[in-house]
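Participant: Found this in TrEMBL, in case it helps:
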type	residues	note
BINDING	A:24, A:25, A:26, A:27, A:28, A:74, A:145, A:200, A:312	substrate binding site
DOMAIN	A:19-28	domain 'Uroporphyrinogen decarboxylase (URO-D)'
DOMAIN	A:133-149	domain 'Uroporphyrinogen decarboxylase (URO-D)'
SITE	A:74	site 'Transition state stabilizer'
């Protein structure tokens, strides 16, 4: 029964404890990850090496005993077959090259990234204890990456594109939506038990522009709901006020960061949540980590659909021992 | 009568058009600023050079014909006499050195930064067309600068300090509050017609911690209201949801960024606002700038107390010509 704990929590069934997994749970903070990572110089080649990606995906299950495995990959993967050049410089993050021509961007099918599906099949074949999470980036975040060309950006270019080349902006987001549906369909067909859509850069979108984007997202998630048949989690970074617009988007849970007044939303709306806790607590001493996690969990109202996670991914300078303590503390807390 | 336009708008009197000034309106984007800036190598020496600081403060009045002059200075200025070493590396921003000992931090009076008061007196003496804005950083933002030690930070240290050294955190914020009251009292005595408090880093504060901070801010602003006798504007970067807690803080206006749903707050609450527009519009073509500014102004509900500004300061790569167009567009719009 443990296998389905995360899915039970999302569907509102009675649970004994909250399920827990962490974004970037397989990452540089783990010595075992760094060891595997050293086997491929280039990051994208590492992602495409099915054997290594499977091993890495499974590390958090072995080392942390989390309640879900998320496949190891990168949100930029589907941009490559669309015709955008993606490369990773060591220690610098992604560099993207795109000529700005939306018309030339390609429609993709899940066959274009077959290695992703192979990773999922293999992860499913290797273990059946916990659900496997497939994922993709959200249209805005991928659009912004393509236009900005890098990870550390001021979003000036992305905003200018959105404001001055409105038709092309909408066309790009429309194509991304279609491609991401195909991409996720492939993942579900390969065995993903649920999917998460990452809008890591939503906090840079002005509220006024979010009004239009939220409508587009609604259509995107309606289509996912119709075509995937598995739960969908929408992760975004940014304001709790954005939920006024996003709450109409049909997802199974909103994964939010620490700036969001999640407990109030839980009290007043029938919405399911994931995350919310500030990842920086992992820099605290062990007793503070335990105390803050327990205080946090006590505040989740009864009957609320909730999945424990942090508001953002783990960082390379975090300690595996403390991450394990965090997971164990969540698992040790009994839902009243 | 034009002199008091900004003050009239803040007090809810009838105005013909919205007042406008811009954060960092005197800055590197102006060739005339760069010329004056070249006269002092070190940035803090530049801030302390009363003659140059006065000239720089007045540049936007000459070149943009804005409705307020904000004195040219830096929010880190009062940290130095408190016992924190502040220096600016060329092109790198501030570096602060502090040993973490809150007990050793000093109480200051406005005499410790007399050059600030001199700048204000001189700006007032030179012109009486528009009000002069004094300013300071907010307690959280200055605390975070002191703890992080630099401008580009991940706020890990500041959060850890806040969570693990709670007594010292509250003591530091208490001392900052007292010192900032003295600092602003000196500025008002010297002639400042209103003041603005900058919480440039509030977006990094978790919502849960904001609950306590908002109480501290309330006491701080109550004291400013009582002791200053001039309008106070509170600028913060971050979520519109934060206003649920901040709205109880007694300020004359909230200066907000582009992620805030300001128009809804204007409709439902009797709150005064400043800002909200995304500074990135200044990278657009001139017709887009004009169109977006007019669309924006049309949405301000009648009788709302509002001061035009951007959601953040101007950047060095902006064009003076476009900044002037922005100001002129606001000034040309008649309040219906």
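Cβ atoms here come from the backbone N, Cα and C positions, even for glycine.
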Participant: Roughly how many angstrom lie between the C-alpha atoms of residue A:26 (substrate binding site) and residue A:74 (site 'Transition state stabilizer')?
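Facilitator: Cα to Cα, residue A:26 (substrate binding site) and residue A:74 (site 'Transition state stabilizer') are separated by 12 Å.
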Participant: Work through the binding-site residues one by one (A:24, A:28, A:145, A:312) and name whichever has its CA nearest to the CA of residue A:74 (site 'Transition state stabilizer').
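Facilitator: Closest by Cα: A:24.
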Participant: So what's the mean pLDDT when you look at the domain 'Uroporphyrinogen decarboxylase (URO-D)' (A:133-149)?
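Facilitator: Reported value for the domain 'Uroporphyrinogen decarboxylase (URO-D)' (A:133-149) is a mean pLDDT of 97.
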Participant: Using a Cβ-Cβ cut-off under 8 angstroms and a sequence gap of six or more, which residues of the chain neighbour residue A:312 (substrate binding site)?
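Facilitator: Within the chain, residue A:312 (substrate binding site) has Cβ neighbours under 8 Å at A:23, A:237, A:257, A:279.
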Participant: List nothing but the one residue from A:24, A:28 whose Cβ has the fewest other Cβ atoms within 10 Å; the candidates are the binding-site residues.
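Facilitator: Checked A:24, A:28; of these binding-site residues, fewest Cβ neighbours within 10 Å: A:28.
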Participant: Including all protein chains shown, what's the count of other C-beta atoms within 10 A of the C-beta of residue A:145 (substrate binding site)?
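Facilitator: There are 24 of them.
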Participant: Which has the fewest other CB atoms in a 10 Å radius around its CB: A:26, A:74, the listed recorded positions?
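Facilitator: Minimum Cβ neighbour count within 10 Å, taken over the recorded positions A:26, A:74, occurs at A:74.
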Participant: Does DSSP give residue A:145 (substrate binding site) helix, strand or coil?
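Facilitator: Where residue A:145 (substrate binding site) sits, the three-state DSSP reduction gives helix.
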Participant: Of the residues in the domain 'Uroporphyrinogen decarboxylase (URO-D)' (A:19-28), how many are helix, strand and coil by DSSP?
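Facilitator: When I sort the residues of the domain 'Uroporphyrinogen decarboxylase (URO-D)' (A:19-28) into the three classes, I find 0 helix, 1 strand, 9 coil.
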